[in-house]
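Annotated features, as they stand in TrEMBL:
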DOMAIN    B:11-427  domain 'TRAP C4-dicarboxylate transport system permease DctM subunit'
TRANSMEM  B:12-40  transmembrane segment
TRANSMEM  B:52-74  transmembrane segment
TRANSMEM  B:103-128  transmembrane segment
TRANSMEM  B:140-164  transmembrane segment
TRANSMEM  B:176-196  transmembrane segment
TRANSMEM  B:223-245  transmembrane segment
TRANSMEM  B:251-267  transmembrane segment
TRANSMEM  B:288-311  transmembrane segment
TRANSMEM  B:323-353  transmembrane segment
TRANSMEM  B:404-425  transmembrane segment
Ligand code: NA
Ligand code: NA
């Protein structure tokens, strides 16, 4: 088997590492419940942190799901057409992903830049720059997805078959 | 361009892209980006980025990965397998017994979760493989899991009713009480359907074998022990909510703590199992959330082009009696439910519908229950059917999305029957609040 | 834009304006009335489409949306933008500060508030037309909170920065909880009390059924909302239209405060009849509360130069009218 493509490796690396945010979310949620209920000392940071961590999981899970071929699609017509038509469908599918994610990258970068430049904070009692980081993370996550989409488009143009697992 | 034409063009584009097999996560997204950019230029892109960013900040979303993680750990530990084995043995000679029990588990879980998704993922990971192993009919199993799992927002607590209450300024407590009977009514309809189908065609839901039924008592008691740990998990979730220890979303986190403890007690907890469960959670979330990101972008664009005015034009000046107007509203909700998720539908329609309903002298609590029931239909109806996506995210790969949707039709029919019952007999919803409200 | 349109047509301005109000609420109705009055007063030359909260962008994102031209205008809670600049917090809700909307409106109109608000909004690409109050907020509670001392140990939900710090300063167990979680949490006893809306907003949601006490009139919060327009769209108005919209915004605030106050009073009577105890803090309690609050305003005033200016201006005005 050929060595995995670097973009695939990046997507997989992101997903493999980002998944721990959910374990941390469980831990801090339990901590919050115990602090509030047992010690009558609710924290000011758990809610915001839990939302932020989950958001990171959602954002970077996108490229991970693409690499694993897990994005959901309807294949009844795709399965019924002839191989040449199927190839056209494939190119359209990859093209749509590239165009959407390209526009989205432009939009999310333009959203992240002002938020980062003024280090936008949550404005809550725990007044931390989570919004700035989260807007930046969204742009990075979209960039990772766009890289994955481009890699799939190039692969299809070169005539390679759909990666296993991508069809379902 | 008129909003009518735009609506048709958007729907046409969605249908075409879906047919080609473009992943759902990109279908709604590209339609939003394409129409938005063509009509409004850069501003539309800013709107889309803003909506996607904000959508992630809904705290209720934190519960989604928690329920998926709970399911992923349960599946990897032997707890789930043992539970279903025990349920199968104890269901005895009842045809379709396991489906009935799955429905029972779904109703209990509905009291634990208030969101769409968590339950379906859990049952899809845990119950579906077991039912298929035991030779249950695939369509019956899928339909039971998705229709049963959707009850999560019909039995309180319910995020749909909370949002409806906040939007329509209706007491959330009244909505929670009013939805109990209609929720159980739906569950009852599903139950009757399962029993009837299995009575007519026994091969759809084979009962436990004679050998399994004649297990010695000691063996049966050992199986019962397997049930204790899932009950402990349920108690973690339900107990912390109803004892006022944790909020609904926090309770999902407590449930994960519960399954980790269960797996540890059984000696099945190890790092690689936990890591695999976390990775599955990430993939499933990545799949599901990016579908809703696209949907939320599309709703924003649709609202900018005047979607609300369009919905209003459909309903106002209708020379119809009040009940028929509500009927038309339900029709609109069901059609919208084919293409949008419930938050978008709520934001688009309720500011228009609720004042009309109140003006006609009808009870907004009753209308809230009707809305909630029509959203039950929306979870299942193709092509945008969140229940199908949640199940597809965790089902064995050989089960296709079209097979999942194909299994839904009888259950959608039952949901429409339930909706009609509450529509024509409002006391089904309003009797319980009137009894309790007097006290 | 259509080529060759007449000068008269060019004078028509169409705005989409997103509010902070839920679609079915009385507040959104009052907002829609404002839009209709602008239409009538300008003979249809300024047409505003009222949009409910979240219909185009999320509640705390309208500032960027209007600045970048996605929306033409907004009517939103000023303190929602506290993450961009702490000045928005002090300008939007001086927690524990004023006792009635007219006092804060007086600061805006005669104490320099309006000028500071316009200075603050300008770099974001918005013109601040005016501010709108909806009355003092009320705190539904399961335990009696008769004075600041009674806050000790009470599990109280408070979302905003300053209010939650203020409760904490009196040793309350302040809980951060998303809006969608609050009702169930209060019902089940996860929390004892919550910041929410005015008395009538709380009654609509049925809080009186699960919480038998309410602070009314409340002291912790009296938020202001803005009426703000994209700067280019505003500059495109002729002077008579500008004056008309500004006047309409001022009338909008009065309309909102009065109609909500009438409903609050009606609901207060109903709640007493249902056995809810309404707690009105003594002047002494309010003074103690406000003193502590000033310390928190001061910490927020140090977060940005604009925040400092807004703080100084309000404190000197409050001293002038005898609140401090
Ligand atoms: Na529920
Ligand atoms: Na649907």
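Yeah, the Cβs are placed from backbone N, Cα and C, and that goes for glycine too.
Fewer than three CB pairs closer than 8 A are found between the transmembrane segment (B:52-74) and the transmembrane segment (B:323-353), and contact between the two stretches is not assigned (pairs 6 or more residues apart).
Contact between the transmembrane segment (B:176-196) and the transmembrane segment (B:323-353) is absent: fewer than three CB pairs lie under 8 Å, with pairs separated by 6 or more positions in sequence. The stretches the transmembrane segment (B:103-128) and the transmembrane segment (B:140-164) are in mutual contact, each linked to the other by at least three Cβ pairs under 8 Å (pairs 6 or more apart in sequence). Contact between the transmembrane segment (B:288-311) and the transmembrane segment (B:12-40) is present: at least three CB pairs lie under 8 Å, with pairs separated by 6 or more positions in sequence.
Of the two recorded stretches, the transmembrane segment (B:323-353) does not lie close to the transmembrane segment (B:251-267), with fewer than three CB pairs under 8 Å once pairs fewer than 6 apart in sequence are set aside. In the predicted structure, the domain 'TRAP C4-dicarboxylate transport system permease DctM subunit' (B:11-427) carries a mean pLDDT of 89.
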